[in-house]
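Student: Following this message is one structure expressed as structure tokens.
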Amino acid sequence: METRPNQKWYTLAAVEVTRMLKSDLKQGLSRDEAERRLSKSGANQLTASKRKPLYSVLLDQFKDFMVLILFVATLISYFLGEYLDAITIIAIIFINGVLGFIQEARAERSLQALKDLASPMARVLRDGQLSMLPASRLVPGDLVLLEAGDRVPADLRLFTANRLEIEESALTGESVPVSKTAQTLAAGSPDEVPLGDQKNLAFMGTMVTGGTGQGLVISTGMQTEIGKIAHLMNEAEIAETPLQIRLEQMGKILVVVAVLLTMVVIGAGVWHGHELFTMFLAGVSLAVAAIPEGLPAIVTVALALGVQRMIKRNAIVRKLPSVETLGCASVICSDKTGTLTQNKMTVTHIWHGDDTFQVTGSGYEPQGAFLLQGKQCAPERDQALARLLEIANSCNNAQLTYEEEKARRLLSMGKTVKRWQVIGDPTEGALKVLAAKGLGFDVEHGKGSKMAARVEELPFDSDRKMMSVVDKKADGSFVMQTKGAAEAVLSRCSHILWKGQVQPLSATMRHRILDQTEKMAAQALRVLAFAYKPLQGYRTGHTGEIKESDLTFVGLVGMIDPPREEVSAAINLCHQAGIKTVMITGDHRITAEAIARQIGLMRGYGEVMEGRELDRISDEELAERAERVAVYARVSPEHKLRIVRALQSNGHVVAMTGDGVNDAPAIKTADIGIAMGITGTDVTKEAADLVLRDDNFATIVSAVEEGRNIYDNIRKFIRYLLASNVGEILVMFFAMILGMPLPLVPIQILWVNLVTDGLPAMALGVDPPEADTMYQRPRNKHENIFARGLGWKIISRGFLIGLMTLLAFWLTWRENPDDLVHAQTVAFVTLVMAQLIHVFDCRSQHSVFHRNIFENKYLVWAVISSIVLVLGVVYLEALQPIFKTTNLYFRDWALILVAAGIPTFVAGMGGVLRRGALGGARRSSARTARS
Ligand code: ATP
């Protein structure tokens, strides 16, 4: 390639650019050549933001104020001759730091993986075939297709531009879209044409707001204009969630409380005659243990792991805070086509001149017959039918292709079969297949999929609900060919092709056509109308406006788009979970309603509202009606915004899907904006909180379920960690206030913290959901994390754990006051065991008896390994002097297990009784209601 840096591409003609880039305007690059260029030019990416180096993440673990104090205290004890103590404490602090580091590094890695997933795609022609590729794989010379809603994936020299408008604010700061052209800028242009005026170039990172175009990649990655100013684009936002922010604030309060209590413990201990330095070391150890410094990292890991589970279920989270909001969703507004339905369209009916034809065949295979009253007919003999098929073929941007693969069935083993597929809009794909069936186009050789005669296009948009093209016919004349929603097309028709003749379109005829549309729609068919207009006086190179009016109506086409199989069950689940589902579609009211009935969406609230009615009513009226409306039909994207706002004003937390460029405002406004991964435009994806990899409604429901589960799990380990800490503090607190000896030595306190806080808490973060997660109403968005009894559970369980540990200590010590080490060992093991039993209680909102203990195998292993660690410290002779422990016997264990089990057992029984009482009350109120 003969390219130079700072090449002025806008001054070169398209052919010249193609020659220099050694590309081809019809075929694009070959795949091999593209691979070769990729290894030379490198990925088409802007260099990523600088990540925090790992050593700094590691150092951060030791920057905590209390940990520093502990360091100093340990050093002092070292100089006082307590070598073993000092070294062990330092070792424990170090292990703790490394664990924290692993947690944080893991969280960071998962977040990075999320960013990578959000990477954009580009439509590229290689070897003459259109495909979607990750934009990072583009190379100079690649032929890229643009349409409304795309982010321009690299710097391009345009060689076709159909009313192409691009908003370049990312680059120039100018938010008014620039109208692009394919023409070469006049030779002799001044040396430096400002970027905003380089109208035949499209720049990476800018946004296509309208029209279509094609261009050759002239530069990629850091060589692009945006690369030069090193802007970072397309990054998923990894903001902290509201919960993380609140927990950080809470953490600060907990530090103060822990430090104050520790001071009381130290003061009381010294008052009762304990040595100052021993008390100081014990106090600081207690503070270190009691401050849940690992909490933010565990929350991040729980969020990140939850997000990874969502990815496995095809939901990609772009904005982390939305994970929390997902669990609060009370309404899901979903598009119909492709989300509730399969988006696998097949034309089954054609109507014209009072005749209804049935079209046979299945899928995208271009084989099928046209039946009129059961008899096969030849489409080329029927003028209107042939005309309609011609429009279907030409007013169309989809491509029908196939891949050959070996047959899997036993009988035809070894033979090759063709797997037909459509690239582009599925509605248009279905029409391409129809045209191929009817006109016998040689699709296999690409003839049927060529748009050789097209001179101009008025692209489809969901406001006009139609699309037109201007074609040049073989005889040199020009014709406009139009297809679109029946009412939209009909309102622009003045004539009709009726039984072989063009006639004025009478009012009666209009009614007849609309009646026919409704009849087809009632069979859940998507109905499109077809029309044309000869363009007299049109010349090649025409630059004026062309109007979609005075058209001649030809006929109607009906296509099926079956509901997705899993959608009915998902809607049912929403119903149980107190989530309302609403269909929002551009399709016909009757088609929409028929499909809504099929999938069980009209249950309980069953009104259908049309876009034009929405236009007439006020926001207040809409808010009032919105509670009852299940289907919004024939709406434009602008209506979606009003619907979101109306539902929000009723206090709902709204999830809203979208794909087109105009859906972005509604998606941004919704509490959870959801974009389609397959059919969605870059603009919607960037505005969205969640992207559905499979465009499937059921995936939204899975994401909501995961969202609820993640939040519940965060509550579970907050409950566990804080209750454990309350227990630890209270043992020491009460012992010192009551003038007892120290129930735990500093190393034991730190060991409890290490053993219980780490693995079991992490395992709670991946706990499977409780059985009734999707049987509960959505959570209130403003709910405090300690709501629904969590605060009480933490304090009561913590109190019981502290009390029972102290009791076990006191009973053992009272028996043999000379053997303090024995009593301390009993206290130490009781505290650990009480926490390890309590961890199972944290898994249920109701009581420990409501869940299978072995369900979460990570937790079982975490608890087993924690027990092994404690047994090692107690029984290994080498460790006993370090941890100040001694052997325990059967009687000790009996005492330990009873004392450690009581907090969870008492709480569990309380839960069972409460549930029983509640269940009884519910049953009796239900009986009363029935009678
Ligand atoms: P949803 O909003 O659920 O995705 P939809 O796909 O029907 O539904 P739009 O894409 O806004 O919504 O389409 C609205 C109407 O426009 C369709 O019902 C159809 O009649 C017509 N239409 C859809 N696609 C095309 C197209 N490619 N060309 C012409 N008309 C189209």
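Even glycines carry a Cβ here, placed using N, Cα and C.
Pulled these features from TrEMBL for this protein:
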type	residues	note
DOMAIN	8-82	domain 'Cation-transporting P-type ATPase N-terminal'
TRANSMEM	62-80	transmembrane segment
TRANSMEM	86-102	transmembrane segment
TRANSMEM	253-271	transmembrane segment
TRANSMEM	277-305	transmembrane segment
TRANSMEM	717-737	transmembrane segment
TRANSMEM	749-769	transmembrane segment
TRANSMEM	790-813	transmembrane segment
TRANSMEM	819-837	transmembrane segment
TRANSMEM	858-878	transmembrane segment
TRANSMEM	893-913	transmembrane segment
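Surface or core, plus neighbours and distances: that's what I need for these features.
Tutor: For the domain 'Cation-transporting P-type ATPase N-terminal' (8-82), the model's pLDDT averages out at 79.
Long-range contacts of the transmembrane segment (893-913) within the same chain, counting only residues at least 6 positions beyond its ends with a Cβ under 8 Å from a Cβ of the stretch, are 793, 796-797, 800-801, 804-805, 807-808, 811-812, 826, 829-830, 833-834, 836-838, 840-841, 844, 846-850.
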Student: Counting a contact as 3 or more Cβ pairs under 8 Å, with residues at least 6 apart in sequence, do the transmembrane segment (749-769) and the transmembrane segment (790-813) touch?
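Tutor: Taking Cβ pairs at least 6 residues apart, the transmembrane segment (790-813) and the transmembrane segment (749-769) are not in contact, as fewer than 3 fall under 8 Å.
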Student: Would you kindly list the residues that approach the transmembrane segment (277-305) from elsewhere in its chain, counting only those six or more residues past its ends and only Cβ-Cβ distances under 8 Å?
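Tutor: Contacts of the transmembrane segment (277-305) (Cβ under 8 Å, skipping residues fewer than 6 from its ends): 64, 66-67, 69-70, 73-74, 76-77, 80, 85, 89, 93, 99-100, 103-104, 106-107, 110-111, 114, 241, 243-244, 247-248, 251, 254-255, 258-259, 261-263, 265-266, 269-270, 320, 323, 710, 713-714, 717-718, 721-722, 725, 728-729, 732, 742, 744-747, 749-750, 752-753, 757-758, 761-762, 765-766.
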Student: For the transmembrane segment (253-271), give me same-chain residues lying six or more residues beyond its boundaries with a C-beta closer than 8 angstroms to one of its C-beta atoms, as numbers and ranges.
Tutor: 65-66, 279-280, 282-284, 286-287, 290-292, 722, 725, 729, 732-733, 736-737, 742
Student: For the transmembrane segment (790-813), find every same-chain residue at least 6 residues outside the stretch whose CB is under 8 Å from a CB in it, and list them.
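Tutor: 715, 718-719, 722-731, 733-735, 740-741, 743, 820, 822-824, 826-827, 830-831, 834-835, 838, 841, 892, 895-896, 899-900, 902-904, 906-907.
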